[in-house]
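Heads up, the thing below is written out as structure tokens.
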Amino acid sequence: MSESNSTGILPPAAQVPLAFLMSSFAFAIMVGNAVVILAFVVDRNLRHRSNYFFLNLAISDFLVGLISIPLYIPHVLFNWNFGSGICMFWLITDYLLCTASVYNIVLISYDRYQSVSNAVSYRAQHTGIMKIVAQMVAVWILAFLVNGPMILASDSWKNSTNTKDCEPGFVTEWYILTITMLLEFLLPVISVAYFNVQIYWSLWKRRALSRCPSHAGFSTTSSSASGHLHRAGVACRTSNPGLKESAASRHSESPRRKSSILVSLRTHMNSSITAFKVGSFWRSESAALRQREYAELLRGRKLARSLAILLSAFAICWAPYCLFTIVLSTYPRTERPKSVWYSIAFWLQWFNSFVNPFLYPLCHRRFQKAFWKILCVTKQPALSQNQSVSS
């Protein structure tokens with residue numbers, strides 16, 4: 001995004017600490033997102049459809065720390081004049097990266113919504129890598145179309161006498177800014193909030209269904225059925241009059257009669273054993289079903305909680321800047337008031353690129369395992385070297 005060079009030339013006592021803080025902030029953004037990218041490269045188990053979208057988010061946020069902030073530091077602190085070419089490159093790149101980060105959050109939220117609300121169809125889909133890459137590329141194309149053409153077209157609207165400020169030509173056109181803020185902030189917030197509400201609603205319905213007697217009656221019915229079969233087998237085995245008579249007159253029966261008695265006894269014993277096995281199978285299946293449902297509910301709650309945190313961080317980091325930008329656009333370019341709060345709101349957007357890796361990827365167990373795997377790989381050469389020295 002853009003902020004006019006309103007600070008002027010600061011004294012050296014303030015320039016050096018601020019430059020150090022800004023550079024450290026950019027470096028922290030790069031490190032946090034680089035860990036996510038490296039984890040995706042190292043661990044093949046992370047190459048799942050939803051994790052590709054986290055990779056896309058990490059790439060956009062990483063480039064914010066690599067390009068947007070480093071170019072901005074000398075401009076805002078040391079009054080370095082970009083020049084028209086570098087200024088245009090910085091504006092398009094910064095707007096593109098920030099908007100792509102926002103749209104990646106929307107794509108991640110939609111994917112999580114599909115995995116919870118339509119779990120069966122989501123798992124049945126075998127999305128190819130080309131389709132996933134197409135969705136990732138579509139995010140970047142849409143992000144460019146939101147601001148890129150307007151930045152290029154409005155370059156001629158700038159006042160030629162003021163060449164120190166690197167900002168788009170439409171910053172004083174409130175209606176254009178309103179449309180762009182609608183596309184890059186308000187609609188994404190509404191979309192992510194909608195997906196999050198739908199996830200909570202789906203979890204609530206699933207939980208209510210699991211507590212419903214008709215749903216829970218499966219295990220009871222199966223248990224009673226197995227008990228009935230078991231009792232029937234025992235009754236057939238103990239109350240058969242033919243068996244009692246055969247036992248009483250076993251010395252007077254022919255060998256053929258004895259063999260038929262043994263066959264009948266063996267048949268009843270097998271039926272009782274079969275009934276017992278069926279009852280045990282039904283009970284184990286019911287317990288496994290309840291465990292799977294409980295695991296799905298826990299997974300859905302975790303996803304919903306992570307999306308709620310992701311949405312809250314995005315709204316907090318972007319809302320102040322959008323509000324300030326629209327309000328300041330109503331002033332003429334040369335009469336806009338200078339405000340420290342606007343500078344803070346401006347940096348909050350980039351702060352969102354810093355917190356994104358810690359909101360979901362680095363808190364996910366698979367990403368954590370991949371992170372420790374990276375550390376083990378880096379420590380392994382040093383360990384082998386120490387062993388060779390000791391030997």
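Even glycines carry a Cβ here, placed using N, Cα and C.
Swiss-Prot has this to say about the protein:
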- 1-19: topological domain 'Extracellular' (TOPO_DOM)
- 20-40: transmembrane segment (TRANSMEM)
- 53-73: transmembrane segment (TRANSMEM)
- 74-87: topological domain 'Extracellular' (TOPO_DOM)
- C87-C166: disulfide bond (DISULFID)
- 88-108: transmembrane segment (TRANSMEM)
- 132-152: transmembrane segment (TRANSMEM)
- 153-174: topological domain 'Extracellular' (TOPO_DOM)
- 175-195: transmembrane segment (TRANSMEM)
- 238-258: region 'Disordered' (REGION)
- 247-256: compositional bias 'Basic and acidic residues' (COMPBIAS)
- 307-327: transmembrane segment (TRANSMEM)
- 328-343: topological domain 'Extracellular' (TOPO_DOM)
- 344-364: transmembrane segment (TRANSMEM)
CB contacts for C166 (disulfide bond) [other CB atoms within 10 A, all chains]: 25
Per DSSP, to which secondary structure element type does C87 (disulfide bond) belong, with helix, strand and coil as the options? helix
How about the transmembrane segment (20-40) and the transmembrane segment (307-327): do they have 3 or more C-beta pairs under 8 A, pairs 6 or more apart in sequence? no
How about long-range neighbours of the transmembrane segment (88-108): same chain, 6 or more residues beyond its ends, C-beta under 8 Å? 1-2, 50, 53-54, 56-57, 60-61, 63-64, 67-68, 71-72, 82, 135, 139-140, 142-144, 146-148, 151-152, 155, 166-168, 184-185, 188, 191-192, 310, 314, 318, 349-350, 352-353, 356, 360
In the same chain, who gets a Cβ under 8 Å from the transmembrane segment (53-73) while lying at least 6 residues past its ends? 19, 22-23, 25-30, 32-34, 36-37, 40, 82, 86, 90, 93-94, 97-98, 100-101, 104-105, 107-108, 111, 135-136, 139, 350, 353-354, 356-357, 360-361
With DSSP helix as H/G/I and strand as E/B, how many residues of the topological domain 'Extracellular' (328-343) fall in helix, strand and coil? 8 helix, 0 strand, 8 coil
Taken over the topological domain 'Extracellular' (153-174), the predicted model's pLDDT averages 79
Can you work out which residues elsewhere in the same chain, 6+ from the ends of the transmembrane segment (344-364), have a Cβ less than 8 Å from its Cβ atoms? 1, 3, 25, 28-29, 32-33, 35-36, 39, 54, 57-58, 60-61, 64-65, 68-69, 98, 101, 105, 108, 306, 309-310, 313-314, 316-318, 320-321, 323-324, 371
